[in-house]
Amino acid sequence: MAVERTLSIIKPDAVAKNVIGKIYTRFEDAGLKIIASKMVQLSQADAEGFYAVHKERPFFNDLVKFMISGPVVVQVLEGENAVLKHRELMGATDPKKAEPGTIRADFADSIDANAVHGSDSLENAAVEIAYFFAQSNIYSR
């Protein structure tokens, strides 16, 4: 099995609920190491740049507005099959469809305020990680 890295964002709704530690515990209990982390308040330009791939989608403006509504916690996770493992921990995008015990089932309110973001592929993970972190600020352990 390959050791991978993936980007994870704890979104404004989950930060406001003060469940950062509970989400971190789930990452670590699943064998994912947090190798970089920071809390940031995204600007409109930051959010638009990060989600540029969705620019033509009908939900783009609402997504950007939501992501700048409060601070987020951005982290790099590392571990065996990190991309898939993180996506399984998150659960379905719509929390109503998420399996019980997943982050979104337990902490998300709606398809928009869905607690977490996670890279959907290794290729996107590399791009997303570089968007938020210089290589010199990532510490494998």
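For all residues, glycine too, the Cβ spot is worked out from N, Cα and C.
For K11, F59, R87, T93, R104, N114, the entry in Swiss-Prot reads ATP binding site, with the evidence type sequence analysis. Around K11 (ATP binding site), the C-beta neighbours below 8 angstroms that are at least 6 residues distant in the chain are F66, M67, V72, A113, N114, A115, V116, H117.
The active site, pros-phosphohistidine intermediate annotation in Swiss-Prot covers H117. In the three-state DSSP reading, H117 (active site, pros-phosphohistidine intermediate) counts as strand. Neighbours of H117 (active site, pros-phosphohistidine intermediate), defined as other CB atoms within 10 A of its CB across all chains, total 21.
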In the structure shown, with every protein chain counted, which of the binding-site residues R87, R104 has the densest set of Cβ atoms within 10 angstroms of its Cβ?
R104
Taking every protein chain in this structure into account, which of the binding-site residues T93, N114 has the most other Cβ atoms within 10 Å of its Cβ?
N114
